[in-house]
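Take a look at the structure below.
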Amino acid sequence: MALRFPRFSQGLAQDPTTRRIWFGIATAHDFESHDDITEERLYQNIFASHFGQLAIIFLWTSGNLFHVAWQGNFETWVQDPLHVRPIAHAIWDPHFGQPAVEAFTRGGALGPVNIAYSGVYQWWYTIGLRTNEDLYTGALFLLFLSALSLIGGWLHLQPKWKPRVSWFKNAESRLNHHLSGLFGVSSLAWTGHLVHVAIPASRGENVRWNNFLNVLPHPQGLGPLFTGQWNLYAQNPDSSSHLFGTSQGSGTAILTLLGGFHPQTQSLWLTDMAHHHLAIAILFLIAGHMYRTNFGIGHSIKDLLEAHIPPGGRLGRGHKGLYDTINNSIHFQLGLALASLGVITSLVAQHMYSLPAYAFIAQDFTTQAALYTHHQYIAGFIMTGAFAHGAIFFIRDYNPEQNEDNVLARMLDHKEAIISHLSWASLFLGFHTLGLYVHNDVMLAFGTPEKQILIEPIFAQWIQSAHGKTSYGFDVLLSSTSGPAFNAGRSIWLPGWLNAINENSNSLFLTIGPGDFLVHHAIALGLHTTTLILVKGALDARGSKLMPDKKDFGYSFPCDGPGRGGTCDISAWDAFYLAVFWMLNTIGWVTFYWHWKHITLWQGNVSQFNESSTYLMGWLRDYLWLNSSQLINGYNPFGMNSLSVWAWMFLFGHLVWATGFMFLISWRGYWQELIETLAWAHERTPLANLIRWKDKPVALSIVQARLVGLAHFSVGYIFTYAAFLIASTSGKFG
């Protein structure tokens, strides 16, 4: 008999209904649940899939380089980064005739093109690329790496090259190699690239394969390194009148601590960044030699954890048993990795705009907005995933005997206290913040704006002042010119930093007031509620008072019949599902706040944000409605303009989002009945009844329909906001 899909589950393959297809897709990547899976094969499958993932990433980045080199205007943009719009790629078939062709022919192109809002032009320019040939070379190299990754994935599935389980569980060796190799060596290599290629390029010197052995990155070569006079590398930095990409006003320093931004490019000094990466490299190279492997020196992680028993006795046996628990649970490890990566991704969003690393990116407002929003949404999905896998760990991998009275067990023991405290914090934040907003709304509606409750964020202003912002008049730490902190740093990084933090044209430590105070607490409400749902889902994943045997039902189940008084919607999967809505909601508020504050900053009318952000009607009218007007005008009775594609995407995003509700609100019996009726009609309709199917059509399960609804809701939500964000920003600033 021919094998039916899914091959990995023969039980499912014999299912006579369409459930076979959907459940097959849903469990395709759940290797643990597959037939004939062994621990060894599980680890090897995951290892091989990592190579596939790398191949896709390299192929994608190669495609970016290739299309810009082929259809972009990189060489023209390099001549005038502030006034030429960077082109991502051509549009082969612009719909709606001649007006569309004219609307999308821009950036100096001969035909219709898409403008790049990803920041790649600024990035490539900063790291020293200058010509299309450079881009093609990079594309080819990445294509080669992609092929290499695919070969690597295939190779490690061959019997001779398959790693053993013991290799995957050798935590110390893996940590050493990842710290030293992945972070240490790559940071050192990047420092090398910045010093040998990027910094010379910023000073008008082109270093390529044909001359990189002859061009000294520093006039004194390696002399200062070997004689210990490292300070020579910091002497004679680029001047404040330096024109980026030319020798005019340039210096010779390669590793500096200037602080602040390059006046022309509004980005961090390249020599500061080279210094930063060198420091990171040294730290990680040392860190990668700390753990005990073949040589009997260094720390054993197990010994470290076993010794972590807080003396007060309040955490019981502390970290005893954790080493084996974590080392034997892929879900625990994935949860930790996702939690870390989620935080890092959000930090990337925050730092890319406040401390721009790429030349001229700070003046490309649409790109700034797009990159901030992009990284915050990705961070949200990654963080919710961390809790999902944490919950799966508790269901599949947690062993109570191994973890008796340690920190994990004690988390489970006092989960009621954790959940109720989070619940209390969420309720407090929600009612107080909404109360303030609604009060202010009513005052505005009744024509008495002076009766609003406006709270100055004095603690946050004090913290900003401590970092050197002088406009609040606090005179503390770095904003106090007579203090020791101020005097200690005056000769090195401080002048540049203080100039930057008190310069009103950048996004460093923006001035804050009552509107910021309110939206800050709205975002805090979103964060705490999302966390509450996720934490409760993970801590109750094994069982709750209502359903002590929950772990026996697995990660996702709809209900356990009518018998116990309501066991629907309490699986760990349901918690994840609910949390994603809150996560999207929260990031909506975060991005609205960021975008509105920056639009007013860039337009020079910050008072609009300050005055309108203290009540809900202000947000709805002066941010959402006001900024969607250009977008909605992408098509109108008089024709179309270059925003029409975003107008279409805005409508399409709403459609996808609304489709989600069809799956989220409708119930299963209704769909089953509808499907039976449609199937009956199909089988009795001439011509149509020539097409038959083997599987009996059945409605999606409750959990599946929720997943499909959630996917549509999320995708539609993000598409809608992306179109709004890009159109409203590019419509104003080009």
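Positions of Cβ are set from backbone N, Cα and C atoms, glycine also.
According to Swiss-Prot, the [4Fe-4S] cluster binding site annotation covers CYS559, CYS568. Swiss-Prot lists HIS654 with the feature chlorophyll a B1 binding site, giving sequence analysis as the kind of evidence. Annotation source Swiss-Prot lists chlorophyll a B3 binding site at MET662, TYR670. Residues or ranges marked as phylloquinone binding site by Swiss-Prot: TRP671. Feature annotation from Swiss-Prot assigns transmembrane segment to 46-69, 135-158, 175-199, 273-291, 330-353, 369-395, 417-439, 517-535, 575-596, 643-665, 707-727.
Here the features listed in Swiss-Prot are placed on the structure.
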{"residue": "CYS559", "record": "[4Fe-4S] cluster binding site", "DSSP (3 states)": "coil"}
{"residue": "CYS568", "record": "[4Fe-4S] cluster binding site", "DSSP (3 states)": "coil"}
{"residue": "HIS654", "record": "chlorophyll a B1 binding site", "DSSP (3 states)": "helix"}
{"residue": "MET662", "record": "chlorophyll a B3 binding site", "DSSP (3 states)": "helix"}
{"residue": "TYR670", "record": "chlorophyll a B3 binding site", "DSSP (3 states)": "helix"}
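Away from its own ends, the transmembrane segment (643-665) comes close to residues 96, 100, 103-104, 628, 630-635, 700, 705-706, 708-724, 726-727, 730-731 of its chain (Cβ-Cβ under 8 Å, at least six residues beyond either end).
Comparing the Cα of HIS654 (chlorophyll a B1 binding site) with the Cα of every entry in CYS559, CYS568, MET662, TYR670, TRP671, these being the binding-site residues, the smallest distance points to MET662. Put simply, the residue listed as 'phylloquinone binding site' is 11 Å from MET662 (chlorophyll a B3 binding site) when counted between their Cα atoms. The separation of CYS559 ([4Fe-4S] cluster binding site) from TYR670 (chlorophyll a B3 binding site), Cα to Cα, is 18 Å. Residues near CYS568 ([4Fe-4S] cluster binding site) in space but far in sequence (CB under 8 A, at least 6 apart, same chain), listed by position: PRO558, CYS559.
Between the transmembrane segment (330-353) and the transmembrane segment (175-199) there are fewer than 3 Cβ pairs closer than 8 Å, counting only residues 6 or more apart in sequence, so the two stretches are not in contact. Tertiary neighbourhood of the transmembrane segment (575-596): same-chain residues 353, 369, 372-373, 376-377, 380-381, 383-384, 387-388, 391, 516, 519, 522-523, 526-527, 529-530, 533-534, 536-538, 540, 609, 613, 619, 623-624, 627, 706-707, 710, 713-714, 717-718, 721, 725, 728-729, selected by CB-CB distance under 8 Å and a gap of 6+ residues from either end. Other C-beta atoms found within 10 angstroms of the C-beta of HIS654 (chlorophyll a B1 binding site) number 15, with every protein chain shown included. Taking Cβ pairs closer than 8 Å, the transmembrane segment (707-727) reaches residues 26, 117, 366, 369-370, 373, 377, 577, 580-581, 584, 588, 591, 595, 627-628, 630-631, 634, 643, 646-647, 649-650, 652-664, 700 in its own chain, all 6 or more past its ends. Around TYR670 (chlorophyll a B3 binding site), a 10 Å sphere centred on its CB holds 10 further CB atoms from the protein chains shown. Long-range contacts of the transmembrane segment (369-395) within the same chain: residues 117-119, 329, 331-332, 334-336, 338-339, 341-343, 345-346, 348-349, 352-353, 412, 530, 534-535, 537-539, 541-542, 551, 554-555, 572-573, 575-576, 579-580, 583-584, 586-587, 590-591, 594-595, 598, 718, 721-722, 725-726, 729, each at least 6 residues beyond the stretch ends and with a Cβ under 8 Å from a Cβ of the stretch.
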